Amino acid sequence: MNKAISLSLVTTITALMVLALTGSAVFGDNSSRKIVIFDTNALNDAAQDELVTHTGGVTLKNLDLINAKSVWLPNKASEKALEQHPAVLRVDEDVLVTTQAKPGSTVQAAQVLPWGIDRVDAELVWPSGNNADPVKVAVIDTGISKDHPDLKANIQGGYNAINSTKSWNDDNGHGSHVAGIIGALNNTVGVVGVAPLVDLYAVKVLNRQGSGFLSDVIEGIQWAVANGMKVANMSLGSSSGTQSMHDAVIAAYNAGLTIVAAAGNSGGAVIYPAAYPEVIAVSATDSANNLASFSSRGPEVDLAAPGVSIYSTYKGTGFATLSGTSMASPHVAGAAALVLNTPVGAYDLDADNVWDPTEVKNKLQDRATDLGAVGFDNLFGWGLVNAFSAVQP
């Protein structure tokens, strides 16, 4: 178990501990939210819940994708008791994840072609019909504004992993901004996305402050897999990686879900889940094709994309300009959706005539515009994503 967690992260998590708990369980200052991973050959679901209750905890949600549960535990003794039980493989921190965007301005106008969409040559793809067959893309984020005039026709549904009884509608704006970069409509309103005929699905895992628990993110990934999503954009992350997070990513990857994620805005190491090899990690560039000053970098970076002063859809019916690797990632997710509308051809490594995540990544990397040092480097990965080149045979 990864026990290294920053004081600021602990403080933030504590501030978010607002739950209505019933029964006899009492949670004080030493309580915490954990992810308990069970042996698949041991206890059934009911017995797992009974074990959590017996140790003084409360089950919050099932994470069937990784045979785990998100739980509240009252103290360290309860955590230790679970760790020592033979049916428990591991107890992980339910770490906090956050959006990877920086504040910007909010405006509204007639449709324009955002510079980022133009830079990745997405508009050159549309006349060819490569985006005619909608691809299911999950926006794992703060939700999507369900009545936005530049998004509504492409939104096909969604899920609220924080509270499944509530709406997936965006109460922050970040998810709507990301969704617009991927697939805003090509109409007379606001902006246009990389893949304007894509099917968008809002998977709400972050709250109105743009933060949330890892267990909600895992449940969001679980929903995406169960509902046949082909691409998932994750413009979020945490400096702390856990085995639970990686297990969920691996399961989604094996199910055929191409995950694209923001590299991070610290200017330092790549965050999680972007740092995992099964994910396409995206750094951010400015309009001069320089690495954005805030962009994380390192050997985990796969591709770069526009991420400075990006104009897109926003909360309600508005539009906004934001910066961050949060904005870079959806340029690549949109390009991945376009690739999925083309024959796999020479990239078909397993000869099944169907795209898988590795094949999608390989083509995007091969067709990228090289930036920085020749070939791969830690700033831009294999280069700036190019949607038009990526859909060519």
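Yeah, the Cβs are placed from backbone N, Cα and C, and that goes for glycine too.
As annotated by TrEMBL, domain 'Peptidase S8/S53' applies to 135-383. If you look up TrEMBL, you'll see Asp141, His174, Ser326 marked as active site, charge relay system.
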Secondary-structure category, per DSSP, in which Asp141 (active site, charge relay system) falls: strand
Neighbouring C-beta atoms (10 Å sphere around the C-beta of His174 (active site, charge relay system)): 28
